[in-house]
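Undergrad: Not my notes, these are from TrEMBL:
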{"type": "BINDING", "residues": "152-156, Asp194, Asn242, Gln291, 382-383, 397-399, Leu407, Trp429", "note": "cyanocob(III)alamin binding site"}
{"type": "DISULFID", "residues": "Cys21-Cys267", "note": "disulfide bond"}
{"type": "DISULFID", "residues": "Cys165-Cys205", "note": "disulfide bond"}
{"type": "SIGNAL", "residues": "1-18", "note": "signal peptide"}
Amino acid sequence: MGCLGALLFLLGGMGALARTCEITEVDSDLVEKLGQSLLPWMDWLSPEQLNPSIYVGLRLSGLQAGPKEAHYLHTLKLSYQQSLLRSASSNDKSDSEAKPSMGQLALYLLALRANCEFVGGRKGDRLVSQLKRFLETEKRAIGHNHKGHPHTSYYQYGLSILALCLHQKRVHDSVVGKLLYTVEHEQHPDLSVDTTAMAGLAFSCLELSNFNLNQRNQIALAIQRVQERILRAQTPEGHFGNVYSTPLALQFLMTSLKPMEEQGTACLKAKAALLASLQDKAFQNPLMISQLLPVLNQKSYVDLISPNCQAPRVMLETVMETPSQTQVPEVIHVTLKVPSIFPPYKHSVSVLDGSSLEDVLKKAQEHGRFRYGTQASLSGPYLTSVMGKKAEGPEYWQLLRAPNTPLLQGISDYRPRDGETIELRLVRW
Ligand code: B12
């Protein structure tokens, strides 16, 4: 059997086995509503707000946004190609426009694949070389004894290997080796379910594409480890890790060529949990929706090995929000606490019910000695500094509901309740 024959055979097998983890028969109105909520985000076309993940999510869903979708891809291309040209022509670190990170470049490659394109030509080669260089730098940061840490994260490392694989670009065994080692040794606390699932998706792509044949056995073993770890992370309600890691976990489980015995039941349970979360409107963030939509269409990023760009998709219509009853919202009180600075900060802030945590921070800044800074990311505004103290290196400002519950949403999505205390804590990850 030739290479193509082997690939088709494996993909056929994947289709057959995928039935052990299917999230089918989800209310189509619910899915359409999710898709519709992405549309306004596609009007934000500044480089800071462009989000290749939204495009990928939509293309792998059963939904489409017509000309808006094509225009979005066009804008993505202009923006990413320009920033690559900028990085090629200047080494000026003071360049005020942020360059895309390794993971963002990788997501852009996924977007191209979602449109059935392979990178090619001079521009494409430059993109691939840039991503390979990023991976080499990260490999060196991890070090030969695996004691170091990538500058970005193992999540972005896995995503980048996946993106290159989807474009049939091989990466050196030593690059794949770092991810294999980390999954095998559960080395880093960053190995959340999301990161593990992303590594699993990358390994599945390598396995299906017959890449890195010298590492074939290790890759197969790592896929098994990822499966075990994800299944072990299932919560009593059914989520893998938490509600927001479940979509990527399911994307991975859907690609399993050798599903584990308990996988079918675990997936059914996860489906129930996911549907309950959908009803509770837990999915508002466009990045989270973009990781979920493929799952609701029985697709994963690995399907971008050979995407079907002719598959019929339902056209999304923009809906005008009808303003709800003009009830004056109540005023609520939220306490903001920052114990990890000197002198510690603790203050009660009054905001309207339904305000976001970001509104609370703004109010505190307007009225008191509180100060904070954010950075745009694909998930929304990321809190980078508090009271002038910037999180550096492996540190980050963790968001918690007192006494000790880490929030599952960022500052622009989380809406505190009356009487809650929110703590901002500088921690290492
Ligand atoms: C790695 C990671 C982190 C790292 C980021 C640092 C680093 N050097 O990479 C650390 C551990 C610090 C982190 C922190 C947080 N994270 Co986080 N993180 C991720 C993960 C695994 C990958 C992100 C990534 O690299 N994406 C790819 C690149 C290309 O996209 P990017 O936008 O350029 O990436 C940046 C942002 O994602 C940002 N970031 C990371 N997490 C979060 C969370 C939010 C809400 C925002 C706005 C930004 C942000 O850091 C990335 C690197 O700069 C995702 C998993 C996922 N499924 O997406 C979770 C994820 C995005 N994080 C999540 C959460 C909840 C948080 C926290 C709010 C947790 C908390 N209670 O404090 C904090 C952020 C607090 C803040 N200061 O604003 C959730 C978001 C869910 C949601 N509803 O949107 C996810 C999906 C994990 C999960 N399953 O719960 N995170």
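Placement of Cβ uses the backbone N, Cα and C atoms for every residue, glycine included.
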Undergrad: Which three-state DSSP class does Thr152 (cyanocob(III)alamin binding site) fall into?
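TA: Looking at the DSSP assignment, Thr152 (cyanocob(III)alamin binding site) belongs to neither helix nor strand, so coil.
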Undergrad: Which number gives the other C-beta atoms within 10 angstroms of the C-beta of Cys165 (disulfide bond), all protein chains shown included?
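TA: Taking all protein chains shown, Cys165 (disulfide bond) has 27 Cβ neighbours within 10 Å.
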Undergrad: Name the residues of the same chain, 6+ apart in sequence, whose Cβ is under 8 Å from the Cβ of Tyr382 (cyanocob(III)alamin binding site)?
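TA: Listed in sequence order, they are Thr374, Gln375, Ala376, Gly410.
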Undergrad: Taking Cα atoms as reference points, which of the disulfide-bonded residues Cys21, Cys165, Cys205, Cys267 is nearest to Leu399 (cyanocob(III)alamin binding site)?
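TA: Ranked by Cα distance from Leu399 (cyanocob(III)alamin binding site), first place goes to Cys267.
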Undergrad: If you check the recorded positions Tyr154, Cys165, Cys205, Cys267, Trp429 one by one, which have a CB less than 6 Å away from any atom of ligand 1?
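TA: Cβ under 6 Å from ligand 1: Trp429.
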Undergrad: Have a look around Cys205 (disulfide bond) and count the other CB atoms within 10 A of its CB, chains all included.
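TA: 23, counting other Cβ atoms within 10 Å of Cys205 (disulfide bond).
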Undergrad: Can you tell which of the binding-site residues (Trp397, Trp429) has the fewest other C-beta atoms within 10 angstroms of its C-beta?
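TA: Candidates: the binding-site residues Trp397, Trp429. Fewest Cβ atoms within 10 Å: Trp429.
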Undergrad: Is it possible to get the count of other C-beta atoms within 10 angstroms of the C-beta of Cys267 (disulfide bond)?
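TA: There are 24 of them.
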Undergrad: Pop the Cα-Cα gap between Cys21 (disulfide bond) and Tyr154 (cyanocob(III)alamin binding site) into the table, whole Å please.
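TA: Distance between the two Cα atoms comes out at 25 Å.
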